[in-house]
Amino acid sequence: MKKIAVFASGNGSNFQVIAEEFSVEFVFSDHRDAYVLERADKLGVLSYAFELKEFENKADYEVALVELLEEHQIDLVCLAGYMKIVGPILLAAYEGRIINIHPAYLPEFPGAHGIEDAWNARVGQSGVTIHWVDSGVDTGKVIKQVRVPRLADDTIDSFEARIHEAEYKLYPEVIRELLDK
Ligand code: GRF
């Protein structure tokens, strides 16, 4: 049985969808006050939280993360709104076993504001991408992606909600495929 960990920095709605469908070994948040930690409690999922600023440097922070992953013998790390770039320590230990969800159709609109950037560019369609994590920002090999239309009467809120709905469908699909491999 392959073991999953989820990393999330904030709200955690993607974590919730994943945890409702799969057995999640633990969720990690790099913010001690993130709402995702409340979701984990309600779902009975083990959670850990510590912050980069509590360490001397990012390398030490990532050493602690790798220890946690190894202690739990994690096979697959699912980033879901984890707002940090994965650094060399974590990559060296886990590259090829870390995936990320991005709320746009990569390579279109990488970075922290994929939804807003697509909206401001007035595209007719955007999308959602699941990709392997490498040292770049949203540059890793694409695993699966779907298109999401922007409709004529959309507001940014309705557009965003449609993107999230697509995320909640796509992420579990991809995780299922990777776990079945
Ligand atoms: C999602 O849109 C995800 O694609 C992006 O950050 C957002 C996280 O939302 N990377 P949530 O924390 O899962 O609700």
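Each Cβ is built from the backbone N, Cα and C atoms, and glycine gets one as well.
Here's what TrEMBL has on this protein:
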- HIS102: active site, proton donor (ACT_SITE)
- GLY12, SER13, ASN14: N(1)-(5-phospho-beta-D-ribosyl)glycinamide binding site (BINDING)
- LYS58, MET83, LYS84, ILE85, VAL86, ASN100: (6R)-10-formyltetrahydrofolate binding site (BINDING)
- 2-175: domain 'Formyl transferase N-terminal' (DOMAIN)
- ASP138: site 'Raises pKa of active site His' (SITE)
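Shown on the structure are the features that TrEMBL records.
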| residue | record | Cβ within 10 Å |
| --- | --- | --- |
| GLY12 | N(1)-(5-phospho-beta-D-ribosyl)glycinamide binding site | 25 |
| SER13 | N(1)-(5-phospho-beta-D-ribosyl)glycinamide binding site | 17 |
| ASN14 | N(1)-(5-phospho-beta-D-ribosyl)glycinamide binding site | 23 |
| LYS58 | (6R)-10-formyltetrahydrofolate binding site | 15 |
| MET83 | (6R)-10-formyltetrahydrofolate binding site | 12 |
| LYS84 | (6R)-10-formyltetrahydrofolate binding site | 14 |
| ILE85 | (6R)-10-formyltetrahydrofolate binding site | 13 |
| ASN100 | (6R)-10-formyltetrahydrofolate binding site | 24 |
| HIS102 | active site, proton donor | 24 |
| ASP138 | site 'Raises pKa of active site His' | 19 |
Can you tell me which recorded positions out of GLY12, SER13, ASN14, ASP138 are within 10 A of ILE85 ((6R)-10-formyltetrahydrofolate binding site) by Cα, answering none if there aren't any? ASP138
Measure from each Cβ of the recorded positions LYS58, LYS84, VAL86, ASP138 to the atoms of ligand 1 and list the residues where some distance is under 6 Å. none
Measure from the Cβ of VAL86 ((6R)-10-formyltetrahydrofolate binding site) and count the other Cβ atoms within 10 Å, all protein chains considered. 23
Listed in sequence order, residues not in GLY12, SER13, ASN14 with Cβ within 8 Å of the centre of the N(1)-(5-phospho-beta-D-ribosyl)glycinamide site Cβ atoms: ALA8, ASN11, PHE15, GLN16, VAL17, ILE18, VAL36, ARG39, ALA80, GLY81
Determine, from DSSP, whether MET83 ((6R)-10-formyltetrahydrofolate binding site) sits in helix, strand or coil. coil
Between LYS58 ((6R)-10-formyltetrahydrofolate binding site) and GLY12 (N(1)-(5-phospho-beta-D-ribosyl)glycinamide binding site), how many Å separate their Cα atoms? 23
According to DSSP, does the residue listed as 'active site, proton donor' sit in a helix, a strand, or coil? strand
Starting from ASN100 ((6R)-10-formyltetrahydrofolate binding site), work out which of the recorded positions listed here (GLY12, SER13, ASN14, ASP138) have their Cα within 10 Å, and give them in sequence order. ASP138
Fill in the CA-CA distance, the residue listed as 'active site, proton donor' to MET83 ((6R)-10-formyltetrahydrofolate binding site), as an integer in Å. 11
Rounded to a whole number, what is the top Cα to Cα distance in Å among the residues the record ties to (6R)-10-formyltetrahydrofolate, namely LYS58, MET83, LYS84, ILE85, VAL86, ASN100? 20
For MET83 ((6R)-10-formyltetrahydrofolate binding site), which of the listed recorded positions (GLY12, SER13, ASN14, ASP138) have their CA atom within 10 A of its CA? none
GLY12 (N(1)-(5-phospho-beta-D-ribosyl)glycinamide binding site) to LYS84 ((6R)-10-formyltetrahydrofolate binding site): how many Å between their Cα atoms? 15
Using SER13 (N(1)-(5-phospho-beta-D-ribosyl)glycinamide binding site) as the reference point, find which of the recorded positions LYS84, VAL86, ASP138 has the shortest Cα-to-Cα distance to it. LYS84
Collapsed DSSP category at SER13 (N(1)-(5-phospho-beta-D-ribosyl)glycinamide binding site): helix
